[in-house]
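This report refers to the structure that appears directly beneath it.
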Amino acid sequence: MNITFVGGGNMASALIGGLLQQDYPGAQIHVVEINAENREKIKHQFGVTTGTELRAGIIDRDVIILAVKPQQLFTVAKQLAPLLAGQLVISIAAGIRTSDLSRWLGSYDYIVRAMPNTPSLIRAGVTGLYALPTVINQQKENATSILNAVGLVLWVEQEALLDAVTAISGSGPAYVFYFMEAMLQVGVELGLSIEQARQLTLQTFLGAVQLAGQSEEDVGILRSRVTSKGGTTEQALLKMEQEDIKNAIVRAVHVAFKRAQQMGDELGSL
Ligand SMILES: NC(=O)c1ccc[n+]([C@@H]2O[C@H](COP(=O)([O-])OP(=O)(O)OC[C@H]3O[C@@H](n4cnc5c(N)ncnc54)[C@H](OP(=O)(O)O)[C@@H]3O)[C@@H](O)[C@H]2O)c1
């Protein structure tokens, strides 16, 4: 599979790094990047070929990955439209729906939309994927193997579910960092150094995630295991229940979901 990236910034670098780490041949990757600094960086870091132009010879590939910012996608799509001849187009631009991208590409059928998250930058991401029904199985397998290079991959059957993916795993790292900020604050208030608080907090998240991942029990049961009667955890969780924290988080994630829907409407209105 030959791949062309359009846009060679953070996400393209993460994907290319992941592909090369899986022994994917760099000679089969080309990057179209208008930003000279990013172009040089990607060329030297990965040894892939780079250029500035979208033209027939360059785009005549199996897969084209659109990795520009959402606001830049309309312009790129208009340039790309006359050059398409059956290639799989994968868009990682947040919020832009396949129906809008297809329209911008002149009613193009072979589109997969991907919603990765920031841990993809260290290959610990999770990506939601949706394909137009016309995308063939081989193309879906290609999309899976490319996005697998930066983490887990999860296909959804309806595109609307990518807004849920955005609300859960797209924005999710920020929710986790927010919880961490609170833990760090308390650690320091209770006399630990910032470094000690950081080590305790990070290892607690890492350990809890690994425990949940390796356990067959659901997270509610795992939580109850840490909560002995009359102990410290019980007191903390009681306080969280009184402050309605779980419901506040649920309401906040619903707001993220609604915003993802709105952004889809706004970004696709061109
Ligand atoms: N970063 C994440 O964790 C993350 C997570 C989920 C989804 N995404 C999505 O991934 C996409 C890329 O994000 P990013 O963080 O990698 O952005 P980025 O670092 O800004 O990379 C985009 C690159 O594309 C270049 N570019 C702009 N127009 C171009 C054109 N017409 N032809 C070729 N290159 C062009 C930009 O140049 P200039 O800098 O000069 O504009 C920039 O170097 C976004 O749509 C974002 O929504 C990112």
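Glycine is no exception: its Cβ is also placed from the backbone N, Cα and C atoms.
Database features, via TrEMBL:
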- 3-95: domain 'Pyrroline-5-carboxylate reductase catalytic N-terminal' (DOMAIN)
- ALA67, VAL68, LYS69, PRO70: NADP(+) binding site (BINDING)
- 159-263: domain 'Pyrroline-5-carboxylate reductase dimerisation' (DOMAIN)
Per DSSP, what is the residue count of the domain 'Pyrroline-5-carboxylate reductase dimerisation' (159-263) in each of helix, strand and coil?
87 helix, 0 strand, 18 coil
Residues that sit under 8 angstroms from ALA67 (NADP(+) binding site) by C-beta distance, when 6+ apart in the chain
PHE5, VAL6, GLY7, GLY8, GLY9, MET11, ALA12, LEU15, ILE92, ALA93
Could you tally the C-beta atoms, other than its own, that fall within 10 angstroms of the C-beta of VAL68 (NADP(+) binding site)?
24
Report the same-chain neighbours of LYS69 (NADP(+) binding site): residues 6+ apart in sequence with Cβ closer than 8 Å to its Cβ, ordered by sequence.
GLY7, ALA93
How many neighbouring Cβ atoms, not counting its own, are there within 10 Å of the Cβ of PRO70 (NADP(+) binding site)?
18
In three-state DSSP terms, VAL68 (NADP(+) binding site) is classed as coil
Which numbers of helix, strand and coil residues does DSSP report for the domain 'Pyrroline-5-carboxylate reductase catalytic N-terminal' (3-95)?
44 helix, 19 strand, 30 coil
Remaining residues near the recorded NADP(+) site, that is with C-beta within 8 Å of the centroid of the site residues ALA67, VAL68, LYS69, PRO70:
GLY7, GLY9, LEU66, GLN71, GLN72, LEU73, VAL76, ILE92, ALA93
Model confidence over the domain 'Pyrroline-5-carboxylate reductase dimerisation' (159-263), averaged pLDDT:
97
